[in-house]
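What follows is one structure encoded as structure tokens, with my remarks underneath.
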């Protein structure tokens, strides 16, 4: 069992990582909550809801809400539907929402918890690699048709309870997505870890490798969030690869490409803008070898992508702010001119599509 | 000009009261905001939008969103619509939402500001007496069909800029509504002020009287919110009259009765439950003389009202928590049994309907 700690001005909480933790959830959840609403998606429900149900079995007042899987569920409609669930179950200010699933479930359930009765407690129970990023740090949100995560809140979980066994059963596409955030964290951290990650093969990942990467990623995130809870300064570094990544996802209506896959393309582009040629070539090769869908760039118009970037949350005065690297482990944020972006995107497309 | 200060752990800000302030808004709003979105309703727009537009005239990037007047606008639909406005105007994290109107506009625009890009700045420009309560303290929300203000956040304004001239033009019904919160504040404060208020005649209110009551009310609210920002303790006292008040409003679908009118009925009931016979009789007479629609109780079923109270935000473990007074100026919160509530409501109905 591994226990990491997140300490921010607003809240402090533990992230517990353990194999098979889902069977022992009850040990980690205080018995003082009046009611518990489990929010999960159809895929995760099929795999783990029964285990969680059993683990919480002795508690009274456990409710469940199962939503369709996929990023498209991070919508107004599902948000409203889940709030209806809260009202019907008569959750009160001492109730708990348990977000069982990947990043989509955590973001959506977290925003429900943030806004129901002006905020009730929630616990993240991540079941994907990708969620090692989203479950820590208190950012919760839903998507607007014009942009990802445009509506949301800062609302920290009471705890993050991570059953590392659940990441084994992920389909390859989801592992690929999860490693998008791992690559990002490695590039923000240090050269050694980045090169280690470039030696991983997505379809042959073993549990120990994954656990190690998760812990390193969460440590980095906890350190950054501890210093800048509300993203006024260094937390912006965590957006490495996300400016273009979000634009791609939203151009494709959050469907045909996963978040982490989009982030890898975005990170590649950030390395290109940073003029880091060797890491760029290395990541490009790794991404191709591991099946990241770089070819999707062919379908996307540079002009549309840049317009999407302008409604990004990081944009200011219609100027696009970009996280770049002076070298691996040394991120900085800078304004990039629209014209430069358009040209670089054009060149980038021709490089990745080959 | 009167300047009051609100100091909470999360935020500190000024409440400025001044006659004709709307014409000088620009003096009080920093010029560093990238864009300003004015949110207001049709009634207020007709009276004051032109003045505000002129006052901000020299600023670029001023946008407007006008919604239908009335509590029914505090809905999911309008919330979503206003977020669309924010996205279309490409508001960024340095933009400002200006809530020009009564409590409905402030609550709704405040929740939009709280959740757009996970929170941007907003300034309250109240134009009603009622809003002296809602504009201070950071509670923002929309209604759920099952209960008032069930979805929302704590998000403080940067400032409250109160043009006391605007309260003169209110229709009598709105003045009556505003005095619902004044009566509540007086009962929470002291006997002297309560008796003063009982000498006011709604249709003959003069600007100075109103201003005095507003200042006293805001002072009380600032004191309470300063000690208990997130309503874990004494802030619950501000719910005096609101448990039944909200239930009435939501039974009537936020239409045929104003918030403050419902609060006066709720406060009367709280005095009855508190066994404070003399203040009860005094408030009852005042309410009748000033046209508060006590007769509405005839149309309402006790059972339904109690069921509504159970989804109130203050309910815990399905138990109804009630703010009562041991004497004027001495509030406390207690659990009231369902059976007792049903019986008391029955008796109360027969008293107020006569």
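Every residue gets a Cβ built from N, Cα and C, even glycine.
For the Zn(2+) site that TrEMBL gives as B:242, B:259, the extra residue drawn from B:172, B:181, B:327 is B:181. With an 8 Å limit on C-beta distances, the binding-site residues from B:127, B:139, B:148, B:181 that reach chain A are B:139.
Taking Cβ-Cβ distances under 8 Å and a sequence gap of 6 or more within the same chain, the neighbours of residue B:181 (Zn(2+) binding site) are B:129, B:130, B:132, B:133, B:217, B:260, B:263. According to DSSP, the secondary structure content of the domain '3-dehydroquinate synthase C-terminal' (B:178-315) in residues is 103 helix, 0 strand, 35 coil.
Apart from the site residues B:181, B:242, B:259, the chain places the Cβ of B:130, B:133, B:180, B:184, B:241, B:245, B:260, B:262, B:263, B:266 no farther than 8 Å from the centroid of the site's Cβ atoms, the recorded Zn(2+) location.
It is 15 Å from the Cα atom of residue B:127 (NAD(+) binding site) to that of residue B:259 (Zn(2+) binding site).
Annotation: B:127 carries the greatest number of neighbouring Cβ atoms among the binding-site residues B:127, B:128 [cut-off 10 Å, Cβ to Cβ]. In this structure, the C-alpha atom of residue B:128 (NAD(+) binding site) lies 12 angstrom from that of residue B:259 (Zn(2+) binding site).
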